[in-house]
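S.K.: Relevant sequence annotations retrieved from TrEMBL are reproduced here:
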TRANSMEM  6-24  transmembrane segment
DOMAIN    28-206  domain 'CAAX prenyl protease 1 N-terminal'
TRANSMEM  67-89  transmembrane segment
TRANSMEM  101-122  transmembrane segment
TRANSMEM  143-165  transmembrane segment
TRANSMEM  177-196  transmembrane segment
DOMAIN    209-419  domain 'Peptidase M48'
BINDING   His279, His283, Glu363  Zn(2+) binding site
ACT_SITE  Glu280  active site
TRANSMEM  293-310  transmembrane segment
TRANSMEM  334-354  transmembrane segment
ACT_SITE  Asp367  active site, proton donor
Amino acid sequence: MYSLAFSILFVSFIILTLIVRFWLASRQIRHVLSHRSAVPAEFAEKIPLAAHQKAADYTIARTKLGLVSLLISTGVLIAFTLLGGLQWLSLHVFQLTGPGMVYQLALLAAFTVISGLIDLPLDYYKQFNLEQRFGFNKMTPGLFFADMLKGALLAAVIGLPLIWLVLTLMEKSGALWWFYAWAVWSGFQLLMMVLYPTVIAPLFNKFTPLEDAALKQRIEGLMERVGFASKGLFVMDGSKRSAHGNAYFSGFGANKRIVFFDTLLSRLQPQEIEAVLAHELGHFKLKHIIKRIVMMFALSLAFLALLGYLKNQLWFYTGLGVDPLLLPGQGNDAMALLLFMLVLPVFTFLFGPLTSLSSRKHEFEADAFAAKHAQAADLVSALVKMYEDNASTLTPDPLHSAFYDSHPPASVRIRHLQAAAA
Ligand SMILES: [Zn+2]
């Protein structure tokens, strides 16, 4: 009975999500198309019509591809759950491995490989057709597959021991396993924040200390003004893969580093780089990064507590097309993890705007910080260049943007910055 009710709830959320996402996408496409013929007045002197139209076409092409990807992933989700895909997979893996931890790890690995292979054609198409068409792709197919292999290897080396630890806790540490698992998971997240910039990212990109002496001096002056100590300023060879430009900030504690994509450095003036960096430092100084980490930890604690409950409910499995009694005595911990990770996004999607809302609030605050410690006008001109170079639309549908975008629309940000400058 509960099982059927849960299946119905699950399907209802899938349908609701599909309707909302198609509706938002159609609004976005219509809105961008209706503004395609003219650059918005406030940008008319800064962005040529051709660039504006390229951004419109790129946005529409990406939105359409997103819908294709949504349809595929929804079909795959239903096939794995209600149509019995996971049940089938677990029986076959069990025949190969026999009982025990090996079975559980193999089930998770098999699932990961299969879903990776299903995603592969669209990922490839996105890089070598969509990105290529708009001049953003700088990858060769060789690099694409090398990245994929490296990523898979890394996931195995890091992921398997972590999963092994979590599964062991689930099996042996009693009713509060989810709390211990949370502690392990949080510790792992913190460790990755230290290891990512220094160990993992360099496996994929080259990081060289910023050479340009004048620029370095300018940036060090800014860091001193706002009271920020960092281990270093690095330039990343982002142009190896994509023409999209960016700057980011990674690590924490003594490990902090600031990373500029070479694609960004080559396009911005020194004072614009300073303004972009002031914005990034704003996120740090206003404790946005810590707040985000605390939020993430609190959420994962709540979700793991929920999984602690669901794991012992028969309807959670049967309602999602898995009969846990088919492999009696084998423990269904890996299956519980898999089902949970698969269906959680279906139930949380509609909360997306809340995340966007808090993220936008932080963006406005970081912009205000930048306006105070650098020149607002420099940040505006840097933003305009970045929008143009990344072919980001200047005219998103307001609802679509409120739902998905972590950053406020360009025109709104710029209006705020100009008000701060005045
Ligand atoms: Zn920001």
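Glycine residues also receive a Cβ, built from the backbone N, Cα and C atoms like all the rest.
Where the annotation comes from TrEMBL, it is an automatic prediction and has not been curated.
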S.K.: Any chance the transmembrane segment (67-89) and the transmembrane segment (143-165) have 3 or more Cβ pairs under 8 A, given the pairs are 6 or more apart in sequence?
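M.R.: No, these stretches are not in contact.
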S.K.: Glu280, Glu363, Asp367: which of these recorded positions has the highest Cβ count within 10 Å of its own Cβ?
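M.R.: The residue with the densest Cβ neighbourhood is Asp367.
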S.K.: Are the transmembrane segment (177-196) and the transmembrane segment (6-24) close enough that 3 or more Cβ pairs fall under 8 Å, when only pairs 6 or more apart in sequence count?
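M.R.: Per Cβ check, the transmembrane segment (6-24) does not touch the transmembrane segment (177-196).
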S.K.: Given a separation of at least six residues and a C-beta threshold under 8 Å, show me what packs close to His279 (Zn(2+) binding site) in the same chain.
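M.R.: Looking at Cβ-Cβ distances below 8 Å from His279 (Zn(2+) binding site), excluding near sequence neighbours, one finds Ala366, Asp367, Phe369, Ala370, Leu379.
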S.K.: For the transmembrane segment (101-122) and the transmembrane segment (177-196), decide whether they are in contact, meaning at least 3 CB pairs lie under 8 A, counting pairs 6 or more apart in sequence.
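M.R.: Contact criterion not met.
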S.K.: In the same chain, who gets a Cβ under 8 Å from the transmembrane segment (143-165) while lying at least 6 residues past its ends?
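M.R.: Apart from its flanks, the transmembrane segment (143-165) reaches 101, 105, 108-109, 112-113, 116, 120, 124, 127-128, 184, 188, 200, 203-204, 240-241, 337.
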S.K.: Enter the number of other CB atoms within 10 angstroms of the CB of His283 (Zn(2+) binding site).
M.R.: 20
S.K.: When you scan the chain for residues with a C-beta under 8 Å from the transmembrane segment (177-196), skipping those not six or more beyond its ends, what do you find?
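M.R.: Sequence-distant neighbours of the transmembrane segment (177-196): 162, 165-166, 169-171, 250-253, 255, 293, 296-297, 300-301, 304-305, 307-308.
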S.K.: Which secondary structure state does DSSP assign to His279 (Zn(2+) binding site), in the simple three-class scheme?
M.R.: helix
S.K.: Fill in the CA-CA distance, Glu280 (active site) to Glu363 (Zn(2+) binding site), as an integer in Å.
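M.R.: That separation, Cα to Cα, works out to 9 Å.
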